[in-house]
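Engineer: This structure is in structure tokens; I'll ask about it shortly.
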Amino acid sequence: MLKYSALFLYLIYVGGSESAHSRIVGGVPVAEEKVPYVVSIRMKEIHVCGGSILSESIVLTAAHCFDKSKGYSNYAVFAGSNRLSGGLKVEIQNITIHPKYIGPSDWWKNDLAVVKLKKPLNFSKSVRTVKIFPSYVPENETVYAYGWGKTIVPFFTLPNVLQKLETKALNLTACQKSWKEHVVESQLCLWTGHGTGVGLCKADSGGPVVYKGKLVGVISWVQVHCNTKKPDVAVRLSPYFENGLRKR
């Protein structure tokens, strides 16, 4: 059962925070031991989103990854592998959606979900937590996004091996030139540049955006059809953690 709870940010804190389609087109494969905190979230064994391990029983991902009409019993987390053909399946106890998340009509603001696992993960070299970066990423700094999203547009082709995208953090003013007021300070824009043909895509959603080895964002949405002419958008985690824990 999907849960909408005021305890949402507390759960994140004790852990360590068409439709929206978020691609890694033009990424490179990455070994599982390099990013042991990345998990695959699957519905009936089909990959739908990525996620990040915050504790032995908590995974952080995007709210839009879940269809509440299907119920949590059809979803599971797969950890410990960089391949969609592998991973240890862990059942989900509950899913807590950010209480202020609305969805497409609000441009996916607060697109965060906390997944609590039925059983704790057993940590190893391929299963580890990631810490949250506590402040803003400076403009034009290099960040990395990870996912199993579409790699070939327009075909629905998911890679078996986890992909890494090197991209840049774009400031809010520059991002709003593309997305206008739809993008706000609690969102993080990612930009690889015009004409690169590289970016995020469907099924990358929920995956981590990482800066200096720490989690700075959760992949949220991109331009429909994974058109790389506009910046990709993630949830920026730092506003949720300024001055310790702060509810938004």
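Each residue, glycine too, has its Cβ placed from N, Cα and C.
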Engineer: Among Cys175, Cys201, which cysteine does Swiss-Prot link to Cys189 through a disulfide?
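Structural biologist: Swiss-Prot says the disulfide from Cys189 goes to Cys175.
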Engineer: Based on DSSP, name the secondary structure state of Cys189 (disulfide bond): helix, strand or coil.
Structural biologist: strand
Engineer: Within 10 Å of each Cβ, count the other Cβ atoms, then let me know which of the disulfide-bonded residues Cys49, Cys65 comes out lowest.
Structural biologist: Cys65
Engineer: Looking at the recorded positions Cys175, Cys189, Cys201, Ser205, whose Cα is closest in space to that of Cys65 (disulfide bond)?
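Structural biologist: Smallest Cα separation from Cys65 (disulfide bond) among Cys175, Cys189, Cys201, Ser205: Ser205.
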Engineer: How many other Cβ atoms are found within 10 Å of the Cβ atom of Ser205 (active site, charge relay system), counting all protein chains shown?
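Structural biologist: I count 32 other Cβ atoms within 10 Å of it.
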Engineer: So what pLDDT does the domain 'Peptidase S1' (24-248) average out to?
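Structural biologist: A mean pLDDT of 85 is what the model gives the domain 'Peptidase S1' (24-248).
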Engineer: To the nearest whole angstrom, what is the C-alpha distance linking Cys201 (disulfide bond) and His64 (active site, charge relay system)?
Structural biologist: 14
